[in-house]
């Protein structure tokens, strides 16, 4: 395969990371947007994350099977098609201002994103030497962060800047954004169809597929790691889903639109946390870094309940910094000492554990609705971070 084709393929696959980062960045803005303009409760707004991350859980194995039977490229094309269909379904949803249709649209859209993530992550590691595989993946992941940063800015400017009562204009703006996304996605899908790309025929991959899921039950640190990942993702998604609600409730002069900018700042803090902390994990034990960061976040959760004013929002932003290394670190600690033939099934289970993000926002929203305090909903994250801290200090070392 010519070097030029590999470079073009790398650029195209990297663009996918930005696309699903953008979608996730917009999602957290939608919670507050639908509360304001569709009049739904906080708990019901959490159904957005239920549809979104529930789709990831459902699509993970089918997407992996498509890649195994056909190729990563086919899996990516299927993902892009579903992403575009889900985005275009925003048209009837916004025309009717129907929340149930929005949930269906986001579910289909997220099925596409799940297929993209399942296929793009391993594919990009194969576009060159194994030695630089980690570099390529981290470079691509940085564009995911860019997408997450842009999402709340777009949503804050076009959706949250409109006051209650501007339903028609709000729905038009939502429709415009997602139709634009659909057009970009379809264009990129066309490029994937017409451009010849490297075929991955790795015998080692075929060997790795021979491992059974039951064999993983023999590894205690893996089983506990799956639960730790479930609880961590639940906490991360819950914090993002109600970031804007918490901010405007605790900072009296802060508007929804400006709170969206602070959400973008929190996502930048998340990226900075990963960049700054990663070098330290070479010198210090990753499990201890995970434990310390999760313990700090447990303390921040208490502070979020006690504090008010700008300082409370800054504390919430700091929480994103300390969450930054959790997902990859739990992932890595969970598969330590796992035989190579079990790594793929282990990885797929860990990816499926993000279904925690589908459950937590609804629970947080329900508590916030009953108590009339978003801060009370955040208290549910306290045991989540405590468990992750325990996993870092002790659970990850169990045989």
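Any Cβ shown, glycine's included, is placed from N, Cα and C.
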Completion exercise
Of the ranges 174-195, 196-217, the one TrEMBL annotates as transmembrane segment is 174-195
Handout entry: Any contact, the transmembrane segment (259-277) to the transmembrane segment (313-336), with at least 3 Cβ pairs under 8 A
Key = yes
Completion exercise
If one takes Cβ-Cβ under 8 Å and requires six or more residues beyond its ends, the residues near the transmembrane segment (224-247) are 27-29, 31-32, 35, 42, 45-46, 48-49, 53, 160, 254, 256, 259-260, 262-263, 266, 294, 297, 304, 312-313, 316, 319-320, 323, 326-327, 330-331, 333-335, 349-350, 353-361, 363-365, 368, 374-375, 377-378, 380-381, 383-385, 387-388, 391, 395-396, 398
Fill in the blank from the handout: Over the domain 'Major facilitator superfamily (MFS) profile' (9-399) the mean pLDDT stands at 87
